[in-house]
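**Q** Quick one: the structure is below, and I'll ask about it shortly.
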Amino acid sequence: MDLLGLKELDNNKLVSKAKENGVEFSDLFLLSSGYLRDRENASASVSSKNERMVLNEERQNCWTKRNDPKGLTYYQLLKPSEVEILSRPETRRKRMACQVFFLNYYISTIEYHKLRKERLEEFTACTSSLKQSKQKRLWKEHCGRERAFLRKKRTKIQCSHFDLLVKLGQGGYGSVWLAKKRNTHELLAMKMMKKSTLQQLNEVKHILNERDILTNTNSEWLVKLYYAFQDKEKVYLAMEYVPGGDFRTFLTTKGLLHENQTRFYLAEMVAAISAVHKLGYMHRDLKPENFLIDQKGHIKLSDFGLSTAIVTSNQVNRLQHALVSAVNPQRPYLTQKQRRNIYKALLEKNENKVNSVVGSPEYMAPEVVYGKKYDRTVDYWSLGCICYECLVGYPPFSGSTLQETWTNLYYWREMLQRPSKNENGIYDKKARSVSDEAWSFITKCLTEPTSRFQSTIEIQKHPFFKRLHWNGLRKRAVPPFVPRLENQLDTSYFDDFNDEQVLDAYKDVYEKQRKAEQKAKSNGVMNGNQRQFLGFTFKYRPNARKPLVGRHREKRQLRKEKPEKKNNSTKQKDLITVSHNKGTTAIEDLDEDKRSKTKGHKTKSSRVHRLLERKGKDLYEFLL
């Protein structure tokens, strides 16, 4: 609310009277001066006694008594029904999205005016010694660049601004593509989802939740979101491209991991989980598929659709029904080797690609399935399952069928067995087994909620990580695996959707998507409810947007000190990538060097003109 609104609100009679009576208001936005003014006008126009009584009763109902956690009592000028509407999660999300939208709008506007003023001062300083005719010509070009930037700033982000290069993945309601933004040549992972399918599968909240989490974080352990936009049919999430594939592919290729390797990856997973918990969220769907490996071999966490407590009652009922139906089946005894072979066979058949209704049962905590209250410790349960799989070769509660997996989860206390234990309960020392520290960590994760780790600090103090330096995991530690990439467009660590075997493995996923689209079409839901996607649009804004005046001088100074050899000249095709921090393309620097070498000596006016043109182009590209 602006100062004028606050002044008007303070001068309002009802508010002044309420202040005299000692009434405290928790939120000025809930006190609409227009609403109060309408009430005053209404009371002035009332003539009969009955109408006055009705109006007074209605006015009393508008004051809702509220108690905050600190025990203070305050009143809000809202009806109970209006308070109930405001307390809904979707209303709170829309209100927050509205606030974030206007904050970003005013911040970007203020920064633009600040940078435009700096550019004007620089232009004036560089052209003050030129002739008036040349000043007019340069001024006209300067204004043209400013107008071009403003026009480009008003342009909405569209799918046509990106080139879809390679398909990276396919889900039940959308697909993921490697895309390149045309004006900046950024390589991004574009997630495309149909609105009608999302609404039919009740996945709208999951997508909105993922968008909200990604826009609130700037952690190096979480995948970064650059753009979120929509059209009439689809919604789009343009995220950071992580070329090393997911941790599931790495596990399938490597099989069993040594404890040193497991310790490294678990430590980075703990750091990623801690970043999510600091935002006030629970991931709830941790599994190897959601951890990605970047080009340097480090871990990044993705897929936040099931984060925090947003599971619907229907989904919980389905899970409870599946769990109850799996209470009394016959469970034949299987050795560790047999269970490992069965799980490998399931991975080869790709039967887990469609198995994500509300998380993965192999990694879900029992209290989530029971429908009980749970906290962030459910993520530590999933972490223990991943640790067990890294060391043993399969999740601790996996089965040959989904029904058997539910059964194992129900009897989790009996199914959790230390590896290399035979039928007689004797450990074989010659076999490859889990160390005492690792098993202590696993059992500390896979236990009752009150007995689990309660924070990441407790995990860091566990003996399993005693030889690990937590500070500087990304800088000091050397990853066990670093992806070998031929170029930036290398997608060899993802499924090749031109291969018939891969398409055959995803046939159930395509069938699920086709049925959802047909059902949405039969129900008359073509483009989905557009109101559900309000506040979805997002555009990444760097933390520091400073003009690039000094950086050009630093670049020229570096070129003078360290001239490049002709034999090691950089190719233009390798210089297309844009740095998000610097905002300039290397291809422009290369072209500038070529022009300076070929044209030779130039006059002072031409050098000033070229300098202003280049700085303006780089700066506008950086701001966009």
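Keep in mind that glycine also has a Cβ here, set from the backbone N, Cα and C atoms.
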**Q** Swiss-Prot has L168, G169, Q170, G171, G172, Y173, G174, S175, V176 binding ATP. Which one of K153, K191 is in the same site?
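**A** Of the residues offered, the record points to K191.
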**Q** Give the number of CB atoms, excluding that of L168 (ATP binding site) itself, located within 10 Å of its CB.
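**A** L168 (ATP binding site) is surrounded by 22 other Cβ atoms within 10 Å.
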**Q** Please list residues from the chain of V176 (ATP binding site) whose Cβ is under 8 angstroms from its Cβ, counting only those at least six apart in sequence.
**A** K167, L168, G169, Q170, A189, M190, K191, M192
**Q** Run through the domain 'AGC-kinase C-terminal' (466-548) and tell me, per DSSP, how many residues are helix, strand and coil.
**A** 26 helix, 2 strand, 55 coil
**Q** Other than its own, how many Cβ atoms are within 10 Å of the Cβ belonging to Q170 (ATP binding site)?
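**A** Result for Q170 (ATP binding site): 18 neighbouring Cβ atoms inside 10 Å.
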**Q** Looking only at Cβ atoms, how many others are within 10 Å of the one on D285 (active site, proton acceptor)?
**A** 23
**Q** Beyond L168, G169, Q170, G171, G172, Y173, G174, S175, V176, K191, what residues of that chain have CB atoms within 8 A of the centre of the ATP site's CB atoms?
**A** M192, M193
**Q** Who sits close to G174 (ATP binding site): which same-chain residues at least 6 apart have their Cβ under 8 Å from its Cβ?
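**A** Those within reach of G174 (ATP binding site), by Cβ under 8 Å and sequence separation of 6 or more, are K191, M192, M193, K194, T197, L198, K234.
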**Q** Over the domain 'Protein kinase' (162-465), what does the predicted model average in pLDDT?
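**A** Summing pLDDT over the domain 'Protein kinase' (162-465) and dividing by its length gives 77.
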